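Copied from Swiss-Prot, the annotated features are:
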{"type": "BINDING", "residues": "CYS168, HIS171, CYS231, CYS235", "note": "Zn(2+) binding site"}
{"type": "CROSSLNK", "residues": "LYS284", "note": "ubiquitin cross-link"}
{"type": "CROSSLNK", "residues": "LYS285", "note": "ubiquitin cross-link"}
{"type": "CROSSLNK", "residues": "LYS344", "note": "ubiquitin cross-link"}
{"type": "CROSSLNK", "residues": "LYS379", "note": "SUMO cross-link"}
{"type": "MOD_RES", "residues": "SER15", "note": "phosphoserine"}
{"type": "MOD_RES", "residues": "SER20", "note": "phosphoserine"}
{"type": "MOD_RES", "residues": "SER33", "note": "phosphoserine"}
{"type": "MOD_RES", "residues": "SER37", "note": "phosphoserine"}
{"type": "MOD_RES", "residues": "SER175", "note": "phosphoserine"}
{"type": "MOD_RES", "residues": "SER262", "note": "phosphoserine"}
{"type": "MOD_RES", "residues": "SER308", "note": "phosphoserine"}
{"type": "MOD_RES", "residues": "SER385", "note": "phosphoserine"}
{"type": "REGION", "residues": "56-83", "note": "region 'Disordered'"}
{"type": "REGION", "residues": "92-363", "note": "region 'Interaction with HIPK1'"}
{"type": "REGION", "residues": "105-229", "note": "region 'Required for interaction with FBXO42'"}
{"type": "REGION", "residues": "275-318", "note": "region 'Disordered'"}
{"type": "REGION", "residues": "348-386", "note": "region 'Disordered'"}
{"type": "SITE", "residues": "LYS112", "note": "site 'Interaction with DNA'"}
Amino acid sequence: MEESQAELNVEPPLSQETFSDLWNLLPENNLLSSELSAPVDDLLPYTDVATWLDECPNEAPQMPEPSAPAAPPPATPAPATSWPLSSFVPSQKTYPGNYGFRLGFLQSGTAKSVTCTYSPSLNKLFCQLAKTCPVQLWVDSPPPPGTRVRAMAIYKKLEHMTEVVRRCPHHERSSDYSDGLAPPQHLIRVEGNLRAEYLDDRNTFRHSVVVPYESPEIDSECTTIHYNFMCNSSCMGGMNRRPILTIITLEDSCGNLLGRNSFEVRVCACPGRDRRTEEENLRKKGQSCPEPPPRSTKRALPTNTSSSPQPKKKPLDGEYFTLQIRGFKRYEMFRELNDALELKDALDGREPGESRAHSSHLKSKKRPSPSCHKKPMLKREGPDSD
């Protein structure tokens, strides 16, 4: 009861009063006090207005135009995203180190159904997008504890080495192959290893993935890491058909190099077909451009030239043949041809030293023959000509 009486004694707020009550609160006279009107009169006195109108009767008063609000500065366009460049190019030279570090790959053919195949002659791995690529790590002796394995991709050609290898914009934005662990711009991923670390170097801007080195199992002699390549080699805005190298390094816990090896990678739709094509091109190139010793070709030329006329030298062992020819013109034609052949053989040295004597003896033996046969042959041709 006491609380209810206290609530009744509280005056209502101002908003609950009537308009008449509010009106009565205003003063009865001098709604606008002189204190407020005085400053208004000082702003523009009457005498000043009259003088101003007398001086400029034909001009209308011009009010000062309100200053236009300052236009906001034009928005600068966002800078185009350019590929980061790195002045540091990692070495790709093979370095087995003290532990005999080297790489190995599973043997696979060139069938169309393969998703990953390695060519030993090209030292090149052909694989499909986001498919498993097992890479074997071989060592002669176990490395120290805390050893890590780093994988990094660089461009193979010299003019592209300073550019950082990354995925194309389309695959970066795509969520089809997102695992939530690897950054979308990284090209190389490790499959089935939650201890993988994806690093972006602040100085070189290059991407790499690092996993702890694990010793081989009891029934195995090597350690296998399954890599994925998350962008095609032909993607525009990414690799753009530029060949790349994957560098695998063995490092200790402080980052010191223990071993290095590398191989070329091509991410394509049909690895078996591309491997077969490139191996055939390499084979044709090797056949068309052999690399023999510098003097071997010079020695081969005279042996070929001397061996080629040997079959023609056998019938010229001093044996002569007689050919009956009808007509003097035909005889002269064959004689000139025979003399030319004899001269050619003499110049080439295909006959023994007495070849000239034999050729002169042959000419003296064959020349009188047409005189004795000329008359009867002319007599035979006489009736035919008539």
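Using the three backbone atoms N, Cα and C, a Cβ is placed for every residue, glycine included.
The Cβ centroid of CYS168, HIS171, CYS231, CYS235 marks the Zn(2+) site; residues of that chain outside this set whose Cβ lies within 8 Å of it are ARG167, PRO169, HIS170, GLU172, MET230, ASN232, GLY237, GLY238, MET239, given in sequence order.
Note: the Cα of CYS231 (Zn(2+) binding site) and the Cα of SER262 (phosphoserine) are spaced 19 Å from each other.
Taking the Cβ of LYS112 (site 'Interaction with DNA') as centre and 10 Å as the limit, one finds 9 other Cβ atoms among all the protein chains shown. Closest to CYS168 (Zn(2+) binding site) in space, going by CA atoms and restricting to the recorded positions LYS112, SER262, LYS284, LYS344, is SER262. Taken together, the residues in the region 'Required for interaction with FBXO42' (105-229) have a mean pLDDT of 95 on the 0 to 100 scale. Every protein chain considered, the tally of other Cβ atoms within 10 Å of the Cβ of CYS231 (Zn(2+) binding site) stands at 25. Here the modified residues are SER175, SER262, and the one with the most other Cβ atoms within 10 Å of its Cβ is SER262.
Here the binding-site residues are CYS168, CYS235, and the one whose Cβ sees the fewest other Cβ atoms within 10 Å is CYS235. If you measure from the Cα atom of LYS284 (ubiquitin cross-link) to that of LYS112 (site 'Interaction with DNA'), you get 22 Å.
Ranked by CA distance from CYS235 (Zn(2+) binding site), the recorded positions SER175, SER262, LYS285, LYS344 have SER175 at the top as the closest.
The separation of LYS112 (site 'Interaction with DNA') from HIS171 (Zn(2+) binding site), Cα to Cα, is 24 Å. Per-class residue totals from DSSP over the region 'Required for interaction with FBXO42' (105-229), listed helix then strand then coil: 8 helix, 43 strand, 74 coil.
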